[in-house]
Structures are given as C-alpha cells and as structure tokens.
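Enquirer: Handing you this structure, nothing more for now.
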6 protein chains.
Amino acid sequence: MFYHDGGKLQYHVKVDKPDPLFAKALQQAIGGIQGEIRVCLQYLFQAWGSRGPAKYRDMLLETGTEEMAHIEMLATAVALNLEGAPLEQEKAANDPIMRATMGGMNIQHAITTCMAAMPVDASGNPFDCSHVYASGNVAADMLSNAMAESTGRMLAVQLFKMTDDKGMKDMLRFLIARDTMHQNQWMAAWEELGGRDNHPIPNNFPQEEELADYNYTFYTTAKDDSVPPPTGRWSEGVSFDGKGVFKTKPMKPVGGKADLGFASPKAAVQKGQEKP
Amino acid sequence: MFYHDGGKLQYHVKVDKPDPLFAKALQQAIGGIQGEIRVCLQYLFQAWGSRGPAKYRDMLLETGTEEMAHIEMLATAVALNLEGAPLEQEKAANDPIMRATMGGMNIQHAITTCMAAMPVDASGNPFDCSHVYASGNVAADMLSNAMAESTGRMLAVQLFKMTDDKGMKDMLRFLIARDTMHQNQWMAAWEELGGRDNHPIPNNFPQEEELADYNYTFYTTAKDDSVPPPTGRWSEGVSFDGKGVFKTKPMKPVGGKADLGFASPKAAVQKGQEKP
Amino acid sequence: MFYHDGGKLQYHVKVDKPDPLFAKALQQAIGGIQGEIRVCLQYLFQAWGSRGPAKYRDMLLETGTEEMAHIEMLATAVALNLEGAPLEQEKAANDPIMRATMGGMNIQHAITTCMAAMPVDASGNPFDCSHVYASGNVAADMLSNAMAESTGRMLAVQLFKMTDDKGMKDMLRFLIARDTMHQNQWMAAWEELGGRDNHPIPNNFPQEEELADYNYTFYTTAKDDSVPPPTGRWSEGVSFDGKGVFKTKPMKPVGGKADLGFASPKAAVQKGQEKP
Amino acid sequence: MFYHDGGKLQYHVKVDKPDPLFAKALQQAIGGIQGEIRVCLQYLFQAWGSRGPAKYRDMLLETGTEEMAHIEMLATAVALNLEGAPLEQEKAANDPIMRATMGGMNIQHAITTCMAAMPVDASGNPFDCSHVYASGNVAADMLSNAMAESTGRMLAVQLFKMTDDKGMKDMLRFLIARDTMHQNQWMAAWEELGGRDNHPIPNNFPQEEELADYNYTFYTTAKDDSVPPPTGRWSEGVSFDGKGVFKTKPMKPVGGKADLGFASPKAAVQKGQEKP
Amino acid sequence: MFYHDGGKLQYHVKVDKPDPLFAKALQQAIGGIQGEIRVCLQYLFQAWGSRGPAKYRDMLLETGTEEMAHIEMLATAVALNLEGAPLEQEKAANDPIMRATMGGMNIQHAITTCMAAMPVDASGNPFDCSHVYASGNVAADMLSNAMAESTGRMLAVQLFKMTDDKGMKDMLRFLIARDTMHQNQWMAAWEELGGRDNHPIPNNFPQEEELADYNYTFYTTAKDDSVPPPTGRWSEGVSFDGKGVFKTKPMKPVGGKADLGFASPKAAVQKGQEKP
Amino acid sequence: MFYHDGGKLQYHVKVDKPDPLFAKALQQAIGGIQGEIRVCLQYLFQAWGSRGPAKYRDMLLETGTEEMAHIEMLATAVALNLEGAPLEQEKAANDPIMRATMGGMNIQHAITTCMAAMPVDASGNPFDCSHVYASGNVAADMLSNAMAESTGRMLAVQLFKMTDDKGMKDMLRFLIARDTMHQNQWMAAWEELGGRDNHPIPNNFPQEEELADYNYTFYTTAKDDSVPPPTGRWSEGVSFDGKGVFKTKPMKPVGGKADLGFASPKAAVQKGQEKP
C-alpha cells in the first residue's frame, strides 16, 4: 500500500521567471525515456515481480516510491512555468519574442490542459510503458536502473545549464544529487550481487551450452582489410567476466545462403512465386 | 557505407520441426525490446552520433553491423518455423492440437505476410525506435548496451529452454555465445573508460553544483518505523564511485504544499476555479 | 451504408489571415484525443457493437455521421491556414516573425503533405484508435461521450480565444454550439437510461457479490493524521446512486506482505534468486 | 511526497489454481485503458495540475494514491497465476490442454519477465499515457473519472465471471466494491460542483458566443426520409443543462463546396496540380 | 457532409458458425494496415487536401465514403462471430477445443467490449493514423492507394481461404470484388495522370538538379565480386520513366569518413569526449 | 551477413551554415514514414521473407543495404546542422532569432542526445516498424516500394527547396537522384513481373470466386443525383488489368439493417440491454 503527504513537496519548487519553453523541456524529465514516470514504474514493477532475496524488492520499493515525489515536483514546476504563457495570436502577431514563445511552447499546454503538466516528453510523445524494463533478473535490472539514472542525470544537467532561473536551478541541484545517489545505489547493488561474477547475465545458465568459438571473440565486420579493427580492453586479455580470453577475428558467414524456396499455393502470392 | 554477402547467413539456421508457436516466440528476438533490431540501430545511431575518441565509434560500427546479420538469421528462422502452419478453420475445428496452434500462433504470420517474419515482438507489437538509446555520452551508452545484451541473452536462454528442435538449439547456442561476448565487450569498454570513475554520469559536470545533503544518502520512504530500511552495499561505506560516503535517512518533505492558486479566466475551466 | 454530399461543407469555413501556427493548433481538433476523428469513430463503433434497444444505436449513427463532416471542415480550415506558409530558410534567416513561424508550425505540413491537414494532434502525434472507447455498455458509453464532448468543447473554446480571424471565429462558434448540443445529448440519454440508477455501472451485476465494507467508503491514504481528509458530497450522506451511505475511513493494509518466493530454475535469473 | 507500507497489500491476494490465461486477462486491469495505471496517473496528474478550490486536489491525491495499491495487488495476482506455467514445447506437443495454455498465455510472461506482471493490457499493448485524461477543468475531469471507473468495474465484473478461483474471486469482490465507491465518488463531486449546471462544460464561456441555431438541435444525418430520427430525452423538451430546448431537424450543408484551388509551385506535386 | 442509411448494410453479413478465432482474424480487415479504417481515412484525407483538378478529389470522396460501409460490415461480422464465445475458465478447463478457443481469441472481445468489434488489428494493435498516407501529390497517392488495395485483397483472400462459413465466404466474395475494382481504379487514375510520365514523382521538379551520375544506375552493394548483381528490367535498357538508361555498377563510398570531432563542453558527455 | 566500410560515407555530407531547424526537418528523412529507416528495413524484410524466384530477393538485399548508407549520411547531416545550436535560455531571452531557433528546433537534440540524430521524424515521433510493409507478394511489394520512393523523393525535393546551404543542396542532389533510380527500379520490376497482368493482386486467386457484379464497377456514394459521378479512365472502357469492363453505378444497400439483438446476460451491460 501507498500513502501521500497531502501534497507536500519533497524539495522546494519555485519559479522566478516563468518560461513556457522551459516547461516544454522539463516535460522530458516527466514523460521522457529518461524521466521520472519511467523510473517510478520501473522500480515498482521490478519490486512487484521480484523473486529471491527480499532486500532487493524492499530497496526497489523505497526508491520507486521516492520517484513519485519527483514526478510531483516536476509537474508543479511545469505548471508554474506556464503562468502567463501567450494564448492569443493577435498579441503575438507583431512581437517576435512572443511569437517565438507561442510557436516554441508545447501548444497543448495552452489548449488542452489549462496550463498544466502532461505525461509526455519534450516532443509531446506520451510516455509508453514499454520503457518500464523489468526483466525478473536482479542483476540485469540493476544495470537497467543505473543506465536510466545515468541518462536521467544527463538530462537534469542539460536542463540546469539551459535555465538561468534561480528557483529552477535550486530544484535541479536537488534532482541531480538524487540521480547521483541512485546511480551509485544501483551499481552498488550490482556489485553486491557479484559485480563481474554477475556476467554473463543470466549467470544460472551453463556456459558449456554456448558455442565456445564465439563467446569471447570480437568479430570485425569490416568490408576489407583496409579498415583495421578498433582495439581496446575488449579485444584481448582476460574477459570482463573473468571467464574467458578476448580474441579478435574477422567474421565470415558459415551458414550458407538463406533460401525459403517456393511459396505455398495457399498463400496470396503471385503466380511465379509458386512452385512451377 | 554498408555491404552484404548475398544472403549468406552468419551461422546455420535449420529447423527440424517447424512450429508456429515458436515462430511467435522468436519474434521477440527480432522486434522485442531485447531484440536484434534494437541493438542494431542502437549501436549504429550511437556510432553515427559519436563525438570524442574515434575507437568507440569504430567499435560500435563493427558490432552494429554484426547485429544486422542476426536479424537476418532470426527472420529466416521464423519463416522456416512457419512451414506448414495451419490456415484453415475447418481442419482445426475438431483437432485440438491444430486448433491450439491456430489460436496460439501470431495469426498475422498467416494472413498478412505469407508466412514470413515481421519487425514485431512476441505480442505482435511493432518495434518502435524510442528504444534506440543513444545518449551521446559514451559511458551511459556502454551501460545501455550491456543492459540490452543482458536481457537479450536472457531471452535467448529462455528460447533455448523452450525448444527441443535440434537446429534451433544450435542457432541459439551461437546467439547466446555472441550475447556473452557483447555483454563483456560493453562492460570492458565501460571499464576502459574509467569504470567507477565514469560515475556519476556525466562526469564532466562539477559535483559541487549538486546539493551535498542529498547525493550519497539512501532515503527511505516507508510510511513509518515499522518497516526497517533494507541495508546493503548502498546503505553505508564509501560510495560506488568513490566520491562520497553512503548514509541512510528517512525522507521528509521540505518543499511545502504545492499550490497553483486559481485558474486564469483565459482557461476553459469551471466558474469556481477562477479567482472569486 | 454512408453517403456524401460532393464535398459540401456542413458550415462555412473561411480563413481571412492564414496562420500556420493556428493550423498546428487546429490539428488537435482533428487528431487529438478531444478531436473529431475520435468522436466520429467512437460513436460509430458504439453503434456497430450496440445490443439492446435500437434507438441508441440509431442515435449514435446519426451523430457519428455528423462528426465526419466536422473532420472535413477542420481539414479544410487547416489547409486554408497553410496558404503562404514559409518554406525557405533563406527568407526566414533574418526575419524573426517568419523564423518564429517556420519554427513554430508543424513542419510536416510543409515537407510531407503539400500544405494539407494530417490525422495528427497539435504535437504531431498520429491519432491512435485506442481512444475509441466503446464498451458495449450503453450507460458507460454515454458518459464516455459526454466526457469527450466536454473536453472537445474546452478545446474549441481555447481555439476561439486564441484566434482573431473572423472566419475561424465563425466556424468555431458553430463547432462550440454543436459540442453544447452533443454534451447535452449524451447526458440526456444517460438520464433517460436511468440517471443515478445506471450506477454502479454495470447495473446488471448483483451488488451483494461486492465486499460490503468497501463499496461506499471514502478511504484516505494520507500518511498520518496531520492531513485531514477532504470532505464533500462524497464523504457522507446517501451515495450518488442511492444504494448506500458514504463513510470516510483511513485505509489500512489487510493483505499481508506480498511474497513471490524464489524463482524457478527454469527462469533466466541470477543464481541467488533460485531456491538455495 | 509519497510513502509505502513495505509491500503490505491493501487486500488479500491468493491464487488457488494458477492459470496463465487468467494472468493474461488480468493484465487488462493493470495496463488496459480501464486499468489501474491509468486511473492512478490520471487522478494524480489531475491533482498536480489542479487550480481553484483545494479540496478537489486533495481528494484526487487520496484516491490516486489508493490506485497504486491496486496495481500492486494485481501485479502480485498476475505473478501468482504464472506459477508453473508451461515453458517447454516438447511437453506441450501432444498435450492439447498444455498446448492451448502455451499458445493462449502472454508468451512474454514466460520469455521476457521470468513470470511477472508487465505494464501492458490483455493484448500485450504497453500502457500509453495519452490515456491519462487531465483537462484542467474539474467538472470534465470528474466525468472522465466516472467513465474510467465504469469501464473499470465492467472489466472487474467480467474477470469475476470468468474465474472460478476462490482467491481471485475474493480479490475481485474487493476491487469491484472499490470501483462502486469511486464511481459514486466522482459523480458525487460532479453533483457538488453543480450537476446540470456544470454544463455545457466549460461553463465559464459565454453561450451567447455560440451560434444559437445549432446548440440545442439534434440534427439527423440520414440519407433520406425513409429513416425516421430516433427520439428520446435528447430530441425535445428542456435540455439536460436547462439552458435550452431540444429540437430535431435534418442537417443540410450550408458551407458550400470545399475548394483548395491549385497547388503552389513550391509544393512537390504533379504538373497538372499547379495553376495552368 | 455525410449521411447514413439507418444502418443498412452495403452487402449481406451472415454468420452460420460463429468462431471467435475468425473474429480475431477479421479484425485485421478493420484495424490492420491493410484494413478499411485505413483506406477510408486515407481516401478522405487525400480528398480533403486535394489541390488541382477537382475530379480526383471527387473520386476520392466517393470511394472513401464507400469504405465506411465496409468497416460497418466487418464490425457486424466480428460481433456475429463472437456469439457464444467462451467466457468461463471452468468450462474450458478440461475441454481442449474450448480452451484453445479461449486462449486463441482476442480476449478483449470478451472482457472489454461485451462481444463487439474494436478498431484494432488481428494482434490487438489499435489502428494508428500514421498509416493514413496522404502526400498531396496525386500520382503518389494513387500508388499508395493501389498498394493498400493490393494488400487489402491479399488479406481478404487469406480470410476467404481460412473460413468454411458460408455467410462469411459470401461477404468476402463481395469485398474481394470491391478490392479488385479499387485496385484497378487507382491504377487507371495513375495511368490517366500520365502513367510512366508521372515518374519520377514529383514530376514538377527539374531533373537537371539531380546528380546525373546516380539517377539511372543500379548500384550493387555486395561485399565482393563473388556475388553477381541480379539482372532484370531494372539493370539495363531504357528506364521505366523513359527519361534515362539503366546501368549497373558497384557502389563505392565517395564521401570520406564521417567525423563529428569532439563534443561541446556544454554537452553532458564524459571528460574524454571533450577537446583535450 | 553484412559489412561496413569504416564509416566512409556513400556521398559527401558537408554543412556550411548549421541550422537546428533544418536538422529537425532532416529527421523526417531518417525516421519519417518516407524516410530511410523505413525503406532499409522494408527492403530487407521483403528480401528475408522472399519466396519464389531468387533474383527479387537478391535485388532487395542490394538496395536495402544501400539504404543503410543513406541513414548514415543523414544522421551525419543532422549532427553537423546542430553545431552551435542555442542551449541557454538567458542568451535567447532577448534575441528573437535565437529564441525562434530554440523554440523551433527539436529540443531533444539539445537535451537528450548531445547534439546528434535520433530515429524519429520531424515531429519527434519515433519510427515505428508497422510501416515496414512486407506482404510476401512480390508485386504488392514492388508497388509499396515505388510508393515509398515517391514520397521519399517528394520529401527530398521539399528539403532541397527549403535549404540554401550549398553542402546540403549537394547531398540532396545525390539523394534525389537515388530516389529517381529506386522509383524506376521498383516500377521496372513490377513491369517485368507482368505489369497490368499482376493485377488484381494477388493474381493466384481465381476471379470466378469474386462476385462478378461488383468487381469492375465504380460505385458512387453521393447522397443524391445532384452530385454527378466523376468520370475518367476508371469509369468506363476496358479495366486497367484488361480483365473486365469498367461501369459506373450508384451504390445501394442490399444487406438489410444490421441487428445484433440483445446482449448476453454474461456481458457487463445495463439491465435494459438484456433480453426482457
């Protein structure tokens, strides 16, 4: 079960100079793939489907619930940035700054929500729950979460650089800090679960079932020898998971030419596609 | 620029006992969020947008191109699994196995593609490029890729366990091996780029801009003290990134109650919502 | 079967001062969730799936057909607003009003439709038929329709306030009037069907099957007593449907802690998630 | 801010006879348009964007938070229904009931989530936040909510009729009861806000701006007189909102034939489409 | 403006042996990309955005309106095929044919529409209006339409082969016939507009602006000479449009290696990606 | 299998005057329905599912692979057009040209990709693989491809007219030329396959199964005789496919009124909808 605090915000949300363009950009932090609806639902669905040690389920529940509060903060920030947004063509007709604002804002903020946030990204795409990555494998989930928080922090950093509004900068300082923590949190959990030993994920599948010629080789797919393969930590030496040795080889097809033969006469094809 | 090899397959694709249900499941590996279209486009878009050291761009190009060959293999496998699929109600009316097959297959394989693969997942959802995660930050991208290959290998493992077809098991042994390599490859690159020092991503933002009270604290959001916070690597000790010390605290709202006041008379609200 | 009138418009569509920004906003009334494609298909699918008294099917057919004419009017209005839209970077480079127009218009109007309307909303999202709400329950459908017309009228009102074009204002006066009628129409049908007696929808399910402790109680989910529950018509007195008495209580979990146990060894999990 | 209760469930969730087909059907109550993610986010976004009297915001927050607990219950129910689901083709090959189960379940439950719930509907469509209807107009929102709870209760009723599992029937008795309450709650709020006087929504727009010939007339769009107009509460008498009198008339086009003229030579058209 | 005929169907819709599996398949003809909603809206949006000779607009209006009647027929057919569909787990538990039906039907037909059609395809994907192809170029549109009717007829043919229901076969004989006509109609219009002379579309762009080395050459992208280029009507001789001569050559990159340099310090990248 | 050329571009990609508005427009050529991801995947999926004569599969593979190189070029062009894009509100606050740019660009280019291309269209909609039309019928596929290249060339032409950047005009000259070739190529293949004899597609279905009264008649759906039917190549004379004679007639309903009767008591309807 879940509870609320009567709308009290986790951290301060003040807007000194409302700007509908910034409201549009902030939407990415609500409904974007790097946004708070995503991590909220992702952590909660991971928790709700969690099997095995209870502590990961518990931790996911803690942070999933925190993210609800972040959506709330950002929704408030969007609404406040929309105060005084231009709604009338006539006024904007000869004022280039106002017309640029009218053209640049998410016009749905004006015509469909009475100046409130929507669960959409900065391009106006509604958030779609296929981005709620919950695999049932706890190590894979920790990586998904670390990745989500990495791009989430990138987004918050860009928004911080974009705005010169004091209140918004303060709010973003808070959100960036939480992203730092959460990024650390998921990687720490990944480490606790085994770090390198987590890999290859899933680690409950016997690797002897894999084809051994292919599982630690970096295959190049360059057209010819004039393109030397890029070298790095991945091209030689002990593999990251410590279970193999990296090699580099050019890839060559071994599977023969694909051939599906003729079409069945039951299929709606052209005459020439059927067996003659 | 890109080249093909006349349809020669990277590895063998044989189907001994065609099964339309398995064809439906295999679609997840083509058009699912764990599938090959996703990683193919993800690595290529990361390459095409790559700035900084050229070797990462080059490596992404190598593996992105390899993934094209995986889509080709899987598309072939789907088509071969559809040979002989039931198309006629009448025959299935009284044969429960056939009727279960007709009901369980992706019926679009029969009625819209003349028995060929589609760029959709196992539920028939078309792949949607919002899952092509390309952030422009090379460390974040390596994590995205490691995560994609982790869930990709999970999927291949489940498909391997599901089927008893010798040819399909052989193909999956190959794909699982490549997922092992790619998972290692991206984590090795993450390590080469700095490992822990990559974090917090992005690492070119000065952390003194963050609110220091919030960036290494695990906040619990439990309703009351009867729920003890889950402890682990993330709750105390030096943080994963080595730049802070983990603490645990209960979260409390500090932002006051959100209040948007009255609505503008320009908004299409009810009379009571406007300023009295 | 359906018929047309050779493209004759239901009401006048004149544009005095074409404006591509207004064309973008008008798209919401075509392809938005409040728009005409939605209500057209919604009423028609409700009609086509209607069971029971024929008059509701007949009425739905009448108004669903009318909405086709509204799409036609709006598509014409969009096309007329695009006359003379800026297409060339060079001209806009130093003219801020023209550049704001070029940036603010739906650029697809210029580059993909040769200046014509699209079945998308004001953010450019294509209309998606999951918004065609047709439940098969006539009372639920009347509410869906009243709701659709309410937000539809809100949208038309905002567009009316936005524009100062005489022709557009005239067209919107017509559309707002029709939304008034349709809102009344669906609520009148809801009333005729029983009004309060329609509820709880569906009303053909015996309420003694419900848990009687929970069906007329407003549960608060506030964290603690410091947040008093909001009171109103819903918190005490006879319920809206007349079948119960409203109470207010704090919600408490009675279901125990969710626990899914360990994962199956058949699942692609990490080793620690399986039964030890 | 929001809080959790350590995973304690709002009501009992027991499954006596796990059934993957029922798990698939239950998904509709999680990620369907009638489902709990929808109402949860809908009530919360309405709250977060609420302007005017605070009590509606407060009430929305209460119930939005409750809905989180419903998602949690249903996600648990899905996972429990997946225990023992068939994963292997071989076993299902000759067992028609098992094969029907394998074909009929959401195969992603087996191959992508390790037997856990997803934020998708019964057809496997991910929930998409365009269904979060939050208009900023409190009366329109109350109707949206009543409609959502009406179809939500219909769904719960169908699931109740579908299952013969004692635990699931108990859980659904609870959910149906809550839907009864919530349906009453939103209609009660609609009544408190004015009932008939809310209409036409928005009620802060002067109706004298509407075209008076069109706002209380039921227009028929039948091809000819052989189809008599359906009569009812909407066709004559005082209108539902009490602000007009219903009439019935055949609709005729008054707008003339739409004509966009010739295409601009700047558009990528065929030669004959340009002005000769 | 548009009119209806009181629900009278364009052609007979009878179902002798209702089958929910066939209802699911029929949905493709309603909400699939080959379906009737698509062509209906496509022809109407093309009409509404048509510029140039009025006859094409008029013709599009005729046939777009006809397609409405096809949706109506198919929606009726789906509803009739759902009569008696299994709704109860218990009954299906030990009856493999019934369980296969329950698993194989679109379960939403049972739990969300009270046994009626939805605007979705056979996989349950809602129709999405991005498939309404209306380019503004009349020749391109005629090709789009011919293509839509080609896959539409393919679908109707597969459905015809699938069913052994006499009533459904009769209805499909009608729909297949109409697809034959419409396919012919659009190709006839393409011919009237110029046939080969329509190409390259758009034909109002001066071809001397194209790079002449590239516009009539079939470039092969084979990795090496071991893959001979496929030859045919496209590889030599006068081009289809009569404006060039086909050649065949191997493609080679002439654009040099793509290089985006270093990242801006304003971007949220890793330290190594910025200029050293 | 597939290969790359180390990132060497198929043709020159230079940008003289970066413009974020043009970057947004260029996205349509990457991720729009007329764009290169679409044709790339479309041709490849058609190849991978191809049955019958091998030459069409081989040809599709050639050109599908070429399209990969076009995505690469366009992704590079987008990134180069984003150099120097405005990121800071403060600077834009009083500079109308900069503010128009900030409002008009795809703001995700600034805040989510570090100034790189995305697989989205000019409205920011992610490409969705339902647009990968691969029917399994080679003639239908050739029409689909010709249509895709027609709208693709229209788009490239509009972009060419829009820009005055010398480098971009040069790149577009190349792409327009390739679209000319590809349009010719698919129509040439359609011709080789039979031209008129391909129709009606599929041509392996016996036309005597069609209803002969309906397959070569242009039916008008005008409300009354005051709208004369549009005449043309489609209204009289030998049909395009040479297999019939065009006629023109008014359409009349022959199917009687649709009637679904009463609802099942198992359905969640209102009481009045059930059999009295």
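Each residue, glycine too, has its Cβ placed from N, Cα and C.
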Enquirer: Tell me which range among D:13-34, D:211-232, D:255-276 TrEMBL lists as region 'Disordered'.
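Expert: Checking TrEMBL against the ranges D:13-34, D:211-232, D:255-276, the region 'Disordered' one is D:255-276.
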Enquirer: With D:Glu36, D:Glu67, D:His70, D:His182 listed by TrEMBL as Mn(2+)-binding, which of these, D:Glu149, D:Glu210, is given for the same site?
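Expert: Candidate in the recorded Mn(2+) site: D:Glu149.
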Enquirer: Go ahead and report the DSSP secondary structure tallies for the region 'Disordered' (D:255-276): helix first, then strand, then coil.
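Expert: Counting residues per DSSP class in the region 'Disordered' (D:255-276), I get 3 helix, 3 strand, 16 coil.
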Enquirer: Taking the centroid of the Cβ atoms of D:Glu36, D:Glu67, D:His70, D:Glu149, D:His182 (Mn(2+) site), which other same-chain residues have Cβ within 8 Å of it?
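Expert: So the extra residues in range turn out to be D:Val39, D:Cys40, D:Thr63, D:Glu66, D:Ala148, D:Gly152, D:Leu175, D:Arg178, D:Asp179.
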Enquirer: How many other Cβ atoms are found within 10 Å of the Cβ atom of D:His70 (Mn(2+) binding site), counting all protein chains shown?
Expert: 26
Enquirer: Given binding-site residues D:Glu36, D:Glu67, D:His70, which are under 8 Å from chain C when comparing Cβ atoms?
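Expert: Near chain C, no listed binding-site residues qualify.
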Enquirer: Taking a Cβ cut-off under 8 Å, which residues six or more beyond the ends of the region 'Disordered' (D:255-276) line up next to it in the same chain?
Expert: none
Enquirer: For each of the binding-site residues (D:Glu36, D:Glu67, D:Glu149), count the other CB atoms lying within 10 A of its CB, then report the residue with the highest count.
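Expert: The residue with the most neighbouring Cβ atoms within 10 Å is D:Glu149.
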Enquirer: What is the nearest of the binding-site residues D:His70, D:Glu149, D:His182 to D:Asp58 (Ca(2+) binding site), using the Cα of each?
Expert: D:His182
Enquirer: Here are some binding-site residues: D:Asp58, D:His182. Which one has the most Cβ atoms within 10 Å of its Cβ?
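Expert: For the binding-site residues D:Asp58, D:His182, the Cβ with the most other Cβ atoms within 10 Å is D:His182.
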Enquirer: Would you mind listing, in sequence order, any of the binding-site residues D:Asp58, D:Glu67, D:His70 that have a CB less than 8 A from a CB of chain A?
Expert: D:Asp58
